[in-house]
Amino acid sequence: MVASEIKSPVSVPETPGSSSVHHRKQLSVFFIESDNRRLALGRGYTGGTTPVNIHGKPIANLSKTGGWIAAFFIFGNEMAERMAYFGLSVNMVAFMFYVMHRPFESSSNAVNNFLGISQASSVLGGFLADAYLGRYWTIAIFTTMYLVGLIGITLGASLKMFVPDQSNCGQLSLLLGNCEEAKSWQMLYLYTVLYITGFGAAGIRPCVSSFGADQFDEKSKDYKTHLDRFFNFFYLSVTLGAIIAFTLVVYVQMELGWGMAFGTLAVAMGISNALFFAGTPLYRHRLPGGSPLTRVAQVLVAAFRKRNAAFTSSEFIGLYEVPGLKSAINGSRKIPHSNDFIWLDKAALELKEDGLEPSPWKLCTVTQVEEVKILIRLIPIPTCTIMLSLVLTEYLTLSVQQAYTLNTHIQHLKLPVTCMPVFPGLSIFLILSLYYSVFVPITRRITGNPHGASQLQRVGIGLAVSIISVAWAGLFENYRRHYAIQNGFEFNFLTQMPDLTAYWLLIQYCLIGIAEVFCIVGLLEFLYEEAPDAMKSIGSAYAALAGGLGCFAATILNNIVKAATRDSDGKSWLSQNINTGRFDCLYWLLTLLSFLNFCVFLWSAHRYKYRAIESEEDKSSAVL
């Protein structure tokens, strides 16, 4: 290890009696260019983030690579992945119930667990991309795995050997549990191909947005604008995939059967894979920086070993950093020292006893320590979005059950209940279409931010709108329930009430769509910009992890509510008969939890210190 370039200044006293507070305030003088916020090092590539080609060599002419053309190849891959993901989420519960003859509740729990594990395990994909494979090869490997899983699901739905006997299994027999159950090996096959698909999605999800953002030139004066528009277009591709899944795939399933429906997803993924690989010559790549988990572990171990060392010790030399412009981490710029989480600075505390070539488990660079600080600093923001994911998960089940009791006709056209979740997607599509022409000019006048609102402000707007959405859902469900009881539908919970339209649900759907587009797009952009250079994919995985935890949290909340509200007759807020249950009370509970979560977010966002600013204009926009 190269000797430290940063030495202890003469002006700093080394007497044990010095004030600890004084030394905390002065600690940053041991690192060059220190400040509470990081200056962006000229937004150039001198810090180790030089774009390279697929062979790992620097790109001589950036004009022939990257940009919007390369990004559109990536959009196609994400649209197909989301189409498959939502296509499975909306169809798999029904497939397990109607075809595999599994109980509805266990089918729903199995799919919720699949969705949760798929999203939560995105951290693994982000780790592999940042540590060893790079984002391109991670996407290439896992998108192929995704395709293999979809082909397996298609075969399982198409070949009779993989499903139980369907003869003499009408709807009444199905409800009474008299149909032939799926054999254990048939369920094992289904779960195997399903989780192959899930882990394929987990590898793609944290990498696609980061890889797309990598295609833009950090030295360009329009970089921030391009990045802002990229994440909006990226989420637009996500939305288009969801809309196709909730309409075309549902239609194919109803008209042509399960095999064709899942086959449609496999064909779409195959085409998107071909397009993704066709764009290979255009892509800009970033070199993986080595195992980020190892670097985090080294910082924690080194800080623990030196927990009793003092910054005023006579053995103290300075805070360690390698000389030169580049950091010791491949693909990462140096990160100046910050004054929070002082206890972690012990890992970079260079003592005389460390010698000329100390172990990385005893002495870490300032940049390495700051990486860990950033990861810790980021945690509260995506954590606050778990509540939004919980609400979205509840909507997928609760609002569909509401729709079964309502009139879904548009003139002479009857809309399938399973198509109802398309409306949040349509509202997202509309909001993204109007974002730059309507929202940005209006909010620019209010905030003075050239982009309309900062990333954290957009996350906050999304969380606030989600509170309004779930509050409205509670109001309407209370009205729907009383209407059903007063008009003799109390025990006919699968019968549509002809005079009460399902399109009252559009209000909560559209509001949650608005909440989603502001919160998730703002969060993705925030995590990409704030994550360390060599941990961009892990930063993006934070958002997916929050989504997965939201799925699990919804299951846990439902179980708690059932146990806490069950009466002597076995009825609870979540009774199978929606008209005798109290879904409205659950919506009120979600409203309260969402409000408390929003308060926590405001506190966390107010305390957050942005990692990088470039100008005074950006400084003012960084305040929530």
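Cβ coordinates come from backbone N, Cα and C, glycine included.
Annotation source Swiss-Prot lists phosphothreonine at THR138. Secondary structure at THR138 (phosphothreonine), taken from DSSP and collapsed to helix, strand or coil, is helix. Cβ contacts within 10 Å of THR138 (phosphothreonine), excluding its own Cβ and spanning all protein chains shown: 27.
Marked as region 'Disordered' by Swiss-Prot: 1-20.
Feature annotation from Swiss-Prot assigns transmembrane segment to 83-100 (among others); the stated evidence is sequence analysis.
What Swiss-Prot records for 114-134 (among others) is transmembrane segment.
Residues or ranges marked as transmembrane segment by Swiss-Prot on the basis of sequence analysis: 139-159 (among others).
Sequence annotations record features per position, and here Swiss-Prot assigns transmembrane segment to 184-204 (among others) based on sequence analysis.
According to Swiss-Prot, the feature transmembrane segment maps to 230-250 (among others).
Taken from Swiss-Prot, the feature transmembrane segment applies to 258-278 (among others), supported by sequence analysis.
According to Swiss-Prot, the transmembrane segment annotation covers 378-398 (among others), on the basis of sequence analysis. Remote same-chain partners of the transmembrane segment (378-398), defined as residues 6 or more beyond its termini with a Cβ less than 8 Å from a stretch Cβ, comprise 89-90, 108, 112, 115, 421, 424, 456, 459, 462-463, 466, 469-470, 473, 508-509, 512, 515-516, 519-520, 523, 526-527, 530-531, 539, 542-543, 545-551, 553-554, 557-558, 583, 586-587, 590, 593-594, 597-598, 600-601, 604-605, 608.
Among the features that Swiss-Prot reports, transmembrane segment is placed at 422-442 (among others).
Annotation source Swiss-Prot lists transmembrane segment at 459-479 (among others), citing sequence analysis. Beyond its flanks by at least six residues, the transmembrane segment (459-479) meets 381, 384-385, 387-388, 391, 395, 398-399, 402, 453, 504-505, 507-508, 511-512, 514-520, 522-523, 526, 583-585, 587-588, 590-591, 594-595, 597-598, 601-602, 605, 624 of its own chain at Cβ-Cβ distances under 8 Å.
According to Swiss-Prot, the feature transmembrane segment maps to 504-524 (among others).
Here Swiss-Prot flags 537-557 (among others) as transmembrane segment.
Taken from Swiss-Prot, the feature transmembrane segment applies to 585-605 (among others), supported by sequence analysis.
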Surrounding residues of the transmembrane segment (537-557) on its own chain - C-beta under 8 Å, 6+ positions past either end: 109, 112-113, 115-123, 125-127, 129-130, 135, 138, 202, 205-207, 209-210, 292, 375, 378-379, 382-383, 385-390, 392-394, 520, 523-524, 527-528, 530-531
Interface present between the transmembrane segment (83-100) and the transmembrane segment (422-442) (three or more C-beta pairs under 8 A): no
CB contact flag for the transmembrane segment (504-524) and the transmembrane segment (230-250), at least three pairs under 8 A: yes
Dominant neighbour of the transmembrane segment (139-159) in 83-100, 184-204, 585-605, by Cβ pairs under 8 Å: 184-204
Proximity of the transmembrane segment (258-278) to the transmembrane segment (184-204), 3+ C-beta pairs under 8 angstroms: no
Candidates 83-100, 114-134, 184-204, 585-605; stretch with most C-beta pairs under 8 Å toward the transmembrane segment (230-250): 83-100
Contacting positions for the transmembrane segment (114-134) when only residues 6+ beyond its ends and CB under 8 Å are counted: 85, 88-89, 92, 141-142, 194-195, 198-199, 201-207, 210, 285-294, 393, 534-541, 544-545, 547-549, 551-552, 555
Folded-back contacts onto the transmembrane segment (83-100), same chain, C-beta under 8 angstroms, at least six residues removed: 107-108, 110-111, 114-115, 118, 146, 150, 153, 157, 163-164, 166, 174, 182, 186-187, 190, 194, 197, 201, 241-242, 244-246, 249-250, 253, 258, 261-262, 264-266, 268-269, 396, 418, 421
